[in-house]
Amino acid sequence: MVWLWTLPWTFILVALIPLATAKSPDVHHSLQQLKKRDDDSLRDENCQAWIAPVWPGMSHMMVAATRAERDVSYNVSIDQLTYKGAELTPLVFNKYGYTQDGIFKSMDLLKSGMTSLGLDVYWNNKEQYWQLCPVIFPSSAEPGTPVLLQRRLTTDIVTCDQNATLSYFLAALSNHVNVTDNNLDVDLISLKLNLRTVETPIQSNSSSQRQKRQFRETSTSVTQLASSVLSSLLNASKTTRMESTGSFSNSDSNSSSNSSRMSNSTESTRTTSSTESASSTSTTPSTYTTGPQMLGNIVGSSYIGPRLYTPKDLHRDREAEPPRTYDYQGLSNRGFPLAHYILLEMKARVMVSISQNDQPDGYGWGSADQDVIFTKQALLGSSDPENTNENIAYENLQECIRLDPQFLQSINLTGAASWRTYSSTQQDPISNVSFQEFINCGLSPSINNTLAPGETLQGLMTESLWSWAEDEPSKCHNESVTRTQDRNTGLVAWNCAVLMPDGWHVANCYDTHYPLCRQGELAYNWAVGTQKVNYFDTAQEKNICPPGYTFSLPRTALQNIAAKITVRGVSGKTRVYKGGDTTDPDSYDTIDYGNTAFPVWIDLNSISQEDCWVSGGPTARCPYRTVQSHSVSVALLTVASAVCAGVAAAIILLQMDTQPIKKNSGRWRRLMSNFKKSEYESVPA
């Protein structure tokens, strides 16, 4: 009998072990009732840490905002995404030199949120290799020792190191890809190459010797550090770091072949003879179609090679049945694949394209280049990356910035264009304000100018999102903005998003707003809902949207602009179609939207888990889960096992403790028998 009683408890304890060892996510943390405070404010002790700037890198707030914007754009073709770009020559190399330290600073731009880098590469026709330094190295230059060289075209003095090669840059880029190769941080990087011809230095070898001695003393520690970091880069590229449960890793075959690829490319890109004079010239063939010196071979055989999305991949995806590419009308064999497909299925991370081609002397574009690097030429009837005019300027850009309804008349033509880019110049520089405006209007700006005094890349990157407004998604809210009816019940949940004229804001899910609705699959056709509801009621079938419309959210910058313009045009008493015969007056309702319909709900929330913004209604689940360390799991399992062992020991001891035999049991039975005899068996008189 004791075992029958203990058996259910044993099963219960066994079932509790997995619960004890798993770290429960912070689900519905913000849905708890808010305690009233005397200062009538909701203060988050982590508020300052949430918004604190980080460099290189992003604040916790920017990380959450960038991830949310990336996630809602997963089902968008890659040519419709906005890329934050920077030209490395004016922003990095002019300041830090063409050195290994300069390459590390370039990777810092990617950590801060940049997704497009412009790199100048110079063809040395005499030595037959590509280099990052714009000037030919003198014969007396030693690898690892920076030298000062003067350019002929601009007369600028540049600092160059022979160890800072194109292969080294690609290895550093591969290391960044490995570090961010997880579901939380993965993104698509665009590497735009500008093909130039190397210049002959102005100064003589004797002056170069003096400058070399001047630099040698100060550069020794930097060279040693750079060499050790290069070794770590190459080692890190062989084993992919796992940072989340959805981490990606290269296949074993790719990892095993990378070492030989890197060594071959390094040897092939450097054929310089230290005994030859820098001023000597040689005649070489003007066109190459094969060989290790080809730019495509250098890029393809580098450590980043297995993570490239190439023209050959695009051709294969377009020729598939059905095609895996999309244009503005849907499936098309002339479009581009979705971001989700490239990042999560193909596990590709980098696209290399030619932004500017100065036709370097002695170098011809060959088949090896065309298979790896995208060009501006048309391919299979469609445009390749960067196949738009540099310095593109919309005639209606001001209409977009002003949220002018006239912009909707041309937005479909604008959305049909691929790879919409804008590159600044020193004469027409990009500032913090214009950077934000270009991104909001669906352009991918590239900074090709030095920043003005008072402007920093960190300040510029805080204005680099088309989705969230400034300082959003915020954890610092004031309870005074909560509606009166919500204050009476204390129901506050800052886990839902609304659309405002300046972008997305975090709002209380229990507030009532009109929902934002989209017409079918039409990207730029939006409408305001027909009734005010709290966010949780958007999942109910209450006809909250006009017929043919559903509750949704913008997934691109142009969709966001179209939604803003639509909502801004709704105010006062408005006739809204509710279904039926369009000629019947009874098929319309009159809704009073007041002075403005803003704010409106969008299909975005972090209800399932804090800081994890997902679409799909209030019941949508976060696709990421918290990964805890092995030591924590062992500790929790030890505690659970100890509790189970203690309970089991107690059960065994109770079973062994049987009822003792009473020695006077016979006497007790005799007393009970005599007592029964003395009782009457009938009713007494």
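Numbering starts at 1 and runs along the chain as displayed.
Note that Cβ sites are derived from N, Cα and C of the backbone, with glycine treated the same way.
Annotated compositional bias 'Low complexity' per Swiss-Prot: 244-290, in sequence order. Look at Swiss-Prot and you will find 310-324 tagged as compositional bias 'Basic and acidic residues'. According to Swiss-Prot, the N-linked glycosylation site annotation covers ASN75, ASN163, ASN178, ASN205, ASN235, ASN254, ASN258, ASN264, ASN412, ASN432, ASN448, ASN478. Feature annotation from Swiss-Prot assigns region 'Disordered' to 201-221, 238-295, 309-328. Annotated topological domain 'Extracellular' per Swiss-Prot: 23-633, in sequence order, evidence recorded as sequence analysis. What Swiss-Prot records for 634-654 is transmembrane segment, and it gives sequence analysis as the kind of evidence.
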Residues of the parent chain within Cβ reach of the region 'Disordered' (309-328), under 8 Å, 6 or more residues beyond its termini: 77, 80, 188, 300, 334-338, 341-342, 346, 348, 350-352, 370-374, 379-380, 382, 384, 412, 415-416, 418, 523
ASN178 (N-linked glycosylation site) versus ASN75 (N-linked glycosylation site) - Cα distance in angstrom: 24
Least Cβ-crowded entry, counting other Cβ within 10 Å, from the glycosylation sites listed as ASN75, ASN163, ASN412: ASN75
Secondary structure content, the region 'Disordered' (309-328) (per DSSP, counts of residues): 9 helix, 2 strand, 9 coil
Whole-number Å value for how far ASN432 (N-linked glycosylation site) lies from ASN178 (N-linked glycosylation site) (Cα to Cα): 30
Proximal residue to ASN163 (N-linked glycosylation site) among glycosylation sites ASN412, ASN432, ASN448 (C-alpha distance): ASN448
Close in space, distant in sequence - ASN432 (N-linked glycosylation site), Cβ under 8 Å, 6 or more apart: GLU455, GLY459, LEU460, GLU463
Chain-internal residues near ASN448 (N-linked glycosylation site), provided their CB is under 8 angstroms and they sit 6+ positions away: GLU87, PRO90, GLY118, SER423, SER424, THR425, GLN426
